[in-house]
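Read the structure below first, then the notes.
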Amino acid sequence: MLGRTLREVSAALKQGQITPIELCQKCFSLIKKTKFLNAYITVTEEVALKQAEESEKRYKNGQSLGDLDGIPIAVKDNFSTSGIETTCASNMLKGYVPPYNATVVQKLLDQGALLMGKTNLDEFAMGALGSDTGGSTRNPAAHCGLVGVKPSYGLVSRHGLIPLVNSMDVPGILTRYVDDAAIVLGILAGHDPKDSTTVQDPVKPFMLPSLTDVSKLCIGIPKEYLVPELSSEVRSLWSKAADLFESEGAKVIDVSLPHTSYSIVCYHVLCTSEVASNMARFDGLEYGHRCDIDVSTEAMYAATRREGFNDVVRGRILSGNFFLLKENYENYFIKAQKVRRLIANDFVNVFNSGVDVLLTPTTLSEAVPYLEFIKEDNRTRSAQDDIFTQAVNMAGLPAVSIPVALSDQGLPIGLQFIGRAFCDQQLLTIAKWFEKQVQFPVTQLQEFVDDCSSILENEKLASFSLKQ
């Protein structure tokens, strides 16, 4: 049941093949078996079971709220959840319990979804680990064999998403299938009076047609994305994907995004500047962590932030404040804003030339082994991981990562489609067609759990913890 599509599970609930409580219990059983992965910061079993009971009553009375009624969901721990601790995986917010739900969380709960808990993230989501600021939905999706959707900026409310970079943050969606992501996006999309950056026009439900003819499509392949660091496996799959579209009659052309080489540096300046501004609110006075030092207000501020933030967050705050200094503002922040406009215009020019979607890699390679991953510092790793994804955030465009194949090591590899602003439905329709063609082997959860159990029994992980 846990490997089925959202609509299949919803149909099973309506037909009485399984109850919301049984489904909820299956999920918690899996969460407990995979606890060593540290996937969850907070597990809300009591809350979810109560929600499941309410859902079960609705089904018995023939009053289902829709496709999401009784469906288990998890929320990244940088989205505010009423009455449930929201930490952003930081000591700074340890014990912080918001008095309200983020708009996207409330919309899901209003449809009868069951909140399993709050999932883990690197502190304040400052890395390549769904919100999506520079690739933080698409990158994990590619590495985990999932569909990861980054909607157009302004399509989905950011109210209640603890901000990292206001001008780029977008709530992202992680699902097994494109159709499932479209259902969730249809529920989340639309104007929110609490977020002035959301679209004013009404948004129709995202019903994806089954595309049968791609001969009228034009697929763009950005030549600047063919970088030396790209693994041969990803490069080969990217080429085969382009050939697939061409063999079905689509027009596949090379295109240029000439300012791509500046995007990582530009992103770093803008990202750290907004981070520095946003993190200023965490001063130990109003909420969150406060140190025990009471010599002076200034000493309390300094000690609170030193204790509350990790090295990566403090480093980004320092970088951002440097770029925002009066003597540096014009040379760094303003210049980066101008380059951002050039990057956005590159995409506009390509789409105005007749291209429907861009096809690119999502990541440079398959997931890197943990021991290799920790050899590089966060800044280097983030710069590498976000190379294909962050320009989309700066341009405010929709993008989706689709799992394509398993590598020689048996690890998932994904490819990314980038669409025109607010043409999310067209983007997902094309992605759905592609998903059907590639037939990615869906991970069998039970096999995964059994494999993990055998490893643990052999005590290979006995002295190893993913927690820092």
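Each Cβ is built from the backbone N, Cα and C atoms, and glycine gets one as well.
TrEMBL annotations:
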type     : residues : note
ACT_SITE : Lys76    : active site, charge relay system
ACT_SITE : Ser136   : active site, acyl-ester intermediate
DOMAIN   : 33-127   : domain 'Amidase'
DOMAIN   : 128-428  : domain 'Amidase'
Treating G and I as helix alongside H, and B as strand alongside E, what does DSSP give for the domain 'Amidase' (33-127) in helix, strand and coil?
34 helix, 18 strand, 43 coil
Tell me, roughly as an integer, the mean pLDDT over the domain 'Amidase' (33-127).
91
If I take the alpha carbons of Ser136 (active site, acyl-ester intermediate) and the residue listed as 'active site, charge relay system', what is the distance between them in whole Å?
11
